[in-house]
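Below is one structure; the comments refer to it alone.
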Amino acid sequence: MNSCNNIAITPELIAQHGLKSDEYQHILTLIGREPTFTELGIFSAMWNEHCSYKSSKKWLKTLPIKGKCVIQGPGENAGVIDIGKGQCVVFKMESHNHPSYIEPYQGAATGMGGILRDVFTMGARPVAAMNALRFGSPNHPRTRHLVAGVVSGIGGYSNAFGVPTVGGEVNFDERYNGNILVNAFVAGIAKTDSIFYSKAQGVGLPVVYLGAKTGRDGVGGAMMASAEFNDSIDEKRPTVQVGDPFIEKCLLEACLELMELKAIVAIQDMGAAGLTSSAVEMGAKGNLGIQLNLDKVPTREENMTAYEIMLSESQERMLMVLKPELKKRAAAIFQKWGLHFSIIGKTTDDLRFRVTHQGEEVVNLPIKELGDEAPVYDRPWIEPTLKPTLKAEEVKKIENFADVLLKLLNSANQSSRRWVYEQYDTLIQGNTLVRPGGDAGVIRVSNNDKRALAFSCDVTPRYCEADPYEGGKQAVVECWRNISTTGATPLAATDNLNFGNPENPKIMGQLVFAIKGISEACRVLDFPIVSGNVSLYNETNGEAILPTPTIAGVGLLDNWSKTVTIGGMQNKDSIVLIGPCGSHLGQSIYARNILNIDAGAPPHIDLQLEKKHGQFVRDVIHRGFVNAAHDISDGGLALALAEMVIKASKGIRIKLSNKSPQHAELFGEDQARYILAVKPHALNSLKELAQVNEISLTELGTVEGNSLNIDSILNLSIDKLTQNYESWFPQFMNEE
């Protein structure tokens, strides 16, 4: 007997499952009876934000998802884009925020495991990873523990699995004190004629369980990921999954071998809501029913209930619909890799989701209403209140610009991330061309191919809070610029939208306007969103995180030998600014970090100018005019120049244009701007090309000496810059 299904369904139990009273009434109307305890858990898992996107789906539909290179957009395990020669890139970014705060090592590790499965489920071998991490104030007592655990968890899983980490972000702000963000990105390469989908087809076909055994870890994980935190965090620790990267590696190899056999009809990884979600999604997408027998599920713990088996989020598991004539050969492959292969059910034609356990039917529900017809809300929202423009003349000028620059370089958010990325294997697989620490990571498509892929992920949360619309646009354009600085053509993006409680109209307004900004930018730049993730309820005791819509993008280089980096400049190169001189100090780190001014609107994003300047930069890189390129973002011109000096270990001498106040020209964060180190013989050709294309270009100076010398108002040696840039993170992590 399933004793768990004898549990009385009370209002308290319904609330514990995160279901509103109107949602429960909808369930009663839908099935015409009271649900069993297991069914209640299934509805709770499938109708929460993490699985259903019920608060955001209306707005996600406005994103541009089509493009000339797009093979598969949102709705599958990951997005797919064509890169030519019969190959495609499969990629996605996904959050594991709540679990990583509760149990940082396992939360981050299993976040990596989940996104890796999303990619190789579709037939792609993972080739690159990134992560975007947001932590609380460095002064908060938990921050150092969380940083250490998350970084170790990501490295422990991705290094053992064998995928290089090529880029990412790490930022600190007190608004993440109670809710850190762990956004993980993975890209893989597949054959365009061998992509595997999750849509079940055919009646009476075997449904097969693949991979590791099912335990009690992660039960209720999807529900936990859709709730606010309070002071009872430790009680949620059992909802965090435990991962094993070595089993995942075996699962990858077994799945790819099985795919070569052409035995798979549909395949889905078991992620949020585990077996429930994978079975329901496969059936609902294919307009088929699914029948499961839980007695056939491999379990690693005794006396597991139907509720626990259905909602476990144990890692390294897949569900597949198999061609029956190939089941013996398929089973042999998984046996060879030491993994479980168990036929646990079949597809049906009745659009019902039926589950039996110990001879008893414990679930009998309509599958479409559970899956792709789950409730969708049009939540009330209010338009964000915008800050007035802050003129540079209104911002105090600090006389010692050298001290300002050194303070920024030695700050939590502008210092080197070497301490982080040196814990990741950045070179495994042998195709990494540009490692973390620059604008974008770059890998070769393969060791005998001239093509390369570039990756970047970006967002500026302080911009998004001041103006979610402009902040959403800026997240896209910075990612697009970073890819462009390598010479790669940006092809497509994935989003990871991290926000607070959508039931708060102010928070919902942030989400709505950020999506509007992202949509407009992606449309103008031909940079479609092909996959993504929404993480809501990132609040603790009513304190919401900064709105953080992370954008990760992929670009393509036809010839990797033409790749340029932030640190490639040579002596006697000309330093050239593409775009306007700095003037905008609103929401700049100069205003916030140096003057403690949280005022002004963020910089306006001119999308046509972004497109024009990005195309020009890629063109001059392809023509071989440029030794180094860097986009200008946080910290403006001064910080960008300092980073180039540090990476190249070469000095720069420049003069300011004096078109703006000096502090604005140095630290203004105007957009659509790049610094290029131009080869001496190519300078005139580049200037002529800029004139023909009506590109704003300013000659600033040259690569020379052993210091960063700006108009004699700032003169800092390479050693001094490097020491300040590299010292903050190790000192922070080694504090006793």
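Positions of Cβ are set from backbone N, Cα and C atoms, glycine also.
Predicted, not measured: the structure shown is a model, and the values here were computed from it.
Feature annotation from Swiss-Prot assigns active site to H50. Within 10 Å of the C-beta atom of H50 (active site) sit 26 other C-beta atoms, taking all shown protein chains into account.
What Swiss-Prot records for Y53, K92, D495, G532 is ATP binding site, and it gives sequence analysis as the kind of evidence. Cβ neighbour count for G532 (ATP binding site): 27 (other Cβ atoms within 10 Å of its Cβ, all protein chains included). Secondary structure at G532 (ATP binding site), taken from DSSP and collapsed to helix, strand or coil, is strand.
DSSP gives E94 (Mg(2+) 1 binding site) a strand state. The feature Mg(2+) 1 binding site is assigned by Swiss-Prot to E94, N533.
The Cβ neighbour count for Q315 (substrate binding site), using a 10 Å radius and every protein chain shown, is 29. In the three-state DSSP assignment, the secondary structure recorded for Q315 (substrate binding site) is coil. Per Swiss-Prot, the feature substrate binding site maps to S95, H96, N97, H98, R117, Q241, E313, S314, Q315, S535; the stated evidence is sequence analysis.
Long-range Cβ contacts of H96 (active site, proton acceptor) within its own chain (separation 6+, distance under 8 Å): G107, A108, T110, G111, G114, V182, A184. Annotated active site, proton acceptor per Swiss-Prot: H96, in sequence order.
Look at Swiss-Prot and you will find D118, D269 tagged as Mg(2+) 2 binding site. Look at D269 (Mg(2+) 2 binding site): DSSP puts it in a strand. Long-range Cβ neighbours of D269 (Mg(2+) 2 binding site) (same chain, at least 6 residues apart, Cβ-Cβ under 8 Å): N77, G114, R117, D118, T121, S278, R317, M318, L319.
Comparing G532 (ATP binding site) with S95 (substrate binding site), their Cα atoms are 9 Å apart once rounded. Highest local Cβ density among the binding-site residues S95, N97, N533 belongs to S95, counted as other Cβ atoms within 10 Å over all protein chains shown. Among the recorded positions listed (H50, Y53, N533), H50 has its Cα nearest to the Cα of E313 (substrate binding site).
Excluding Y53, K92, D495, G532 themselves, the residues of that chain whose CB lies within 8 A of the CB mean position for the ATP site are, in sequence, L60, P74, M93, E94, T494, N496, L497, I529, S531, N533, V534.
Restricting the recorded positions H50, N97, Q315 to those with a CA within 10 Å of the CA of D495 (ATP binding site) leaves an empty set.
Here the C-alpha separation of Y53 (ATP binding site) and N533 (Mg(2+) 1 binding site) works out to 9 Å. Geometry remark: S95 (substrate binding site) versus N533 (Mg(2+) 1 binding site), CA distance 7 Å.
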